[in-house]
Amino acid sequence: MLGIVNERINFQVSPGQPSSISDDADVFTLVGSGHDAADLVNQKEIHWGLLEDSLEERLEKAGDRITDSDKADGEVKDGDLEENKKRSADGGKGGSTQKKLKKDKVVATTGKASRSESSTTSGAPRVKPELTLPIIPTEVEHSILEDLRNRVQLSSMTLPSISFYTFINTHNGLNCASISHDGSLVAGGFSDSSLKVWDMAKLGQQTGNTPSQGENELAPNENILNANAKGRSYTLFRGHSGPVYSTTFSPYGDFLLSSSSDSTIRLWSTKLNANLVCYKGHNYPVWDVQFSPVGHYFASASHDRTARIWSMDRIQPLRIMAGHLSDVDCVQWHANCNYVATGSSDRTVRLWDVQSGECVRIFIGHRSMILCLAMSPDGRYMASGDEDGKIMMWDLASGRCVSPLVGHSSCVWSLSFSCEGSLLASGSADSTVKIWDVTKSLKVSKTEENKNGKTNRLRSLKTLPTKSTPVYALQFSRRNLLFAAGALTKIA
């Protein structure tokens with residue numbers, strides 16, 4: 001015989017908006033006195049240097065050993081040039097010889113400059129990894145070293161070549177795009193919960209699925225990705241039950257992560273073209289997911305106001321980072337993998353210690369939600385872009401903004417540093433890619449900055465407009481080629 005127990009529940013209704021609930025004491029302090037709380041957090045010690053015994057460090061040490069022989073062979077003596085000038089006065093083949101010698105001298109001086117630039121980048125202190133790093137396969141290591149040897153050194157005088165991937169016929173369904181480090185694979189996440197991956201090597205072999213000549217007048221160097229091709233030119237991945245908001249390739253291109261409004265993150269194999277794992281932990285849509293620079297680990301950002309750190313071999317998160325007052329919209333790893341940065345709709349950027357899960361920096365200065373982040377290769381600086389089109393450069397050691405970069409007229413959706421850190425590329429909803437001179441921007445004094453409001457705009461080296469194509473993603477390859485992607489919108 002079952003007995004029925006009656007229990008009385010007492011509750012009270014209060015007027016007004018509900019207050020936010022959080023166990024993080026820093027949150028309440030930040031609400032009451034924002035800058036004071038940030039200054040208190042920013043006094044914590046961080047180690048922003050690069051990892052010990054990295055591939056770049058090994059290659060640099062090997063390069064230093066052959067520098068003397070390079071100088072002996074590569075440089076042209078002034079006497080040779082004077083002699084060549086006399087020959088060129090007579091015309092004929094002497095002129096072409098002079099051009100060659102001048103070119104050799106330019107190459108030699110450029111090589112010297114590039115070594116000095118790379119040495120300043122690698123002059124950052126070396127730190128030990130706090131995470132257990134995965135072992136890089138030998139063939140992958142050789143491939144990376146080959147890319148590093150063939151890297152083009154960029155500067156304000158040497159701007160990057162850009163390869164732009166244009167999605168067409170997306171019907172406003174494309175939410176995000178990502179590009180592998182070598183540019184061979186391009187992924188797009190769509191509102192119909194699908195994920196599509198294009199292999200650039202196979203794309204040129206397709207016939208009969210490219211638009212007619214008059215349909216879209218695109219530049220010849222643009223790669224056309226037709227989202228609704230009849231003869232399928234892409235690999236279709238299905239598994240999510242909601243719109244896909246972010247995708248990211250592993251450093252070696254063998255895996256792909258995607259996050260969705262269904263609160264899950266999925267791991268896909270680009271070799272097997274299959275879904276391997278579904279990670280569940282967030283309670284609300286996951287806006288962003290990013291692989292770490294060494295792979296294996298990844299970080300996610302969600303509407304539940306948290307960011308989480310995961311590893312590929314565990315279905316539960318390793319760390320949960322709570323403290324933001326609103327959505328965490330974007331996430332970015334530090335170069336040494338010991339820190340993760342998060343940008344939020346609460347208009348702040350936070351830096352978190354991976355090992356402890358503790359917030360070690362709070363960056364205050366933006367006036368709108370932060371949409372994208374990028375870390376400099378030496379790990380000293382961070383760039384953040386917001387909804388108003390403003391970019392801010394931060395010094396991680398001090399937590400201060402060292403240079404605001406103004407020029408975009410709409411949301412900044414993507415940022416990427418060149419491999420030596422001398423240039424910053426930004427992609428925006430205003431359908432432009434801008435190249436910024438980072439070194440000059442960081443050297444501008446406050447007095448020069450206050451003279452007139454145009455100093456910020458002068459730091460933009462070049463503005464590259466697209467044909468009505470908002471820029472969704474930017475990626476510098478290891479050889480310093482800049483890849484970009486976006487969806488073509490209807491031209492009015």
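One is the number of the first residue shown, and numbering goes on along the chain from there.
Including glycine, each Cβ sits where the backbone N, Cα and C put it.
TrEMBL annotations: computationally assigned, not manually curated.
According to TrEMBL, the compositional bias 'Basic and acidic residues' annotation covers 63-90.
Annotated compositional bias 'Polar residues' per TrEMBL: 111-123, in sequence order.
Look at TrEMBL and you will find 63-130 tagged as region 'Disordered'.
Residues annotated as repeat 'WD' in TrEMBL: 167-200 (among others). With helix defined as DSSP H, G or I and strand as E or B, the repeat 'WD' (167-200) counts 1 helix, 20 strand, 13 coil.
What TrEMBL records for 237-269 (among others) is repeat 'WD'. Long-range Cβ contacts of the repeat 'WD' (237-269) within its own chain (Cβ-Cβ under 8 Å, at least 6 residues beyond either end) map to 140, 175-182, 184-185, 187-197, 275-280, 282-291, 293-295, 298, 300, 302, 310, 312.
Computed over the repeat 'WD' (279-320), the whole-number mean pLDDT of the model equals 95. Per TrEMBL, the feature repeat 'WD' maps to 279-320 (among others).
Positions annotated as repeat 'WD' by TrEMBL: 321-362 (among others).
Residues of the same chain lying 6 or more positions beyond the ends of the repeat 'WD' (363-404) and with a Cβ under 8 Å from any Cβ of it are 34-35, 38-39, 41-42, 46, 48-50, 121-124, 326-327, 329-336, 339, 341-345, 347-351, 410-421, 424, 426, 428, 430, 436, 438, 441-442, 444, 456, 459. The annotation repeat 'WD' is assigned in TrEMBL to 363-404 (among others).
Sequence-distant neighbours of the repeat 'WD' (405-446) (same chain, 6+ residues past either end, Cβ-Cβ under 8 Å): 114, 117-118, 121, 151, 153-156, 159-160, 162, 164, 371-378, 381, 383-393, 455-457, 459-476, 478, 480, 482, 484, 486. Residues annotated as repeat 'WD' in TrEMBL: 405-446 (among others).
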### Query
Where DSSP helix means H, G or I and strand means E or B, what are the helix, strand and coil counts for the repeat 'WD' (363-404)?
0 helix, 25 strand, 17 coil
